[in-house]
Amino acid sequence: MGSRSPVPSGREEECPCLVKVSYGYDTKHKPFDVLNNKTPAVEIYVWKSMSLYDVSVLIADQTVLQKEDTRHAEWKFSFRIAYFDSVRRKSAFREIGSACLHDPDLLQGNRLLRNVGYRYGDILDVSIRPDSIRLSSVHSK
Amino acid sequence: MDTPSSDPQKLSTQPQTTVKLESPEPNNVKIESPSPQPEQQQQQQQEDQKMDVDKPAVNEEAVRGRRMMGALLGTLGRIQRETQEERQNSRMQRRMQLEQRLAKRLQEERQQLEEQERTELERKKREAAEELELDRRELLRLVDERKEQFRLTHTKPQLFYCEYRS
């Protein structure tokens, strides 16, 4: 059985790249700290045809799914790309979307990395927040 | 001495004197009926005396009758009030019982609904956790497949690279 993402995540001709992901539980880092390796981070292999939900699963594999009390699907991952703004001469963030682990169709879980403007070498910043499952989903896309 | 003569010629020449006659006032005129005969007078007197004796008896009866009527009406009204209160009490009791039954039924239904929602939510959480586990294994398998298709550097961290193919 394959992944629940509507678009296949793997392509034979696409070479995976190593990306550094800075993560925090319900916190917001400063872009300067992210770019200067002052925040906790994990390294994962991604490719541009991967969706935000797939990236969230790979990040969760090394973070929330490691401990017994946090091993469940009720998490929300909010992604940002940290970069240096050469015009304003300061580091900045750019929001690219959010994804829920319990449902790949919620929020921006179906967006591909290539469509959100990700380039190889960009550093991702992820904010992990609890997101309880509801009987009727009312999340806005 | 000259006396008023009967001579008409003389009468006319003599000064005339006016005599004011006082007419009797109508209010002061008393017309008395013809007085009855003595026997009839006695009878009338006797009748008058009789009426004077019966008047207190008639008043007492009327007063007693009114008193009895009042007591009767009072009793009737009290009985009516008591029956109305009884009816209201029984009605209120029935209403309270009905409301209690309804409230109990509502509470039971609410509990059942909450129980159903809880079981449904737990089922969804369990299914989400299982599917997440499947997706995680699938993605890790894909990453491992790439290790066979592409080359890995010996550096740390290891990087994939693809040789140029013309």
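Each residue, glycine too, has its Cβ placed from N, Cα and C.
Noted in TrEMBL for the protein shown:
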- B:1-20: compositional bias 'Polar residues' (COMPBIAS)
- B:1-130: region 'Disordered' (REGION)
- B:32-46: compositional bias 'Low complexity' (COMPBIAS)
- B:47-64: compositional bias 'Basic and acidic residues' (COMPBIAS)
- B:60-162: domain 'Pinin/SDK/MemA protein' (DOMAIN)
- B:79-89: compositional bias 'Basic and acidic residues' (COMPBIAS)
- B:96-130: compositional bias 'Basic and acidic residues' (COMPBIAS)
Within the compositional bias 'Basic and acidic residues' (B:96-130), residues counted as helix, strand or coil by DSSP: 35 helix, 0 strand, 0 coil
Per-region confidence, the domain 'Pinin/SDK/MemA protein' (B:60-162) (mean pLDDT, whole number): 89
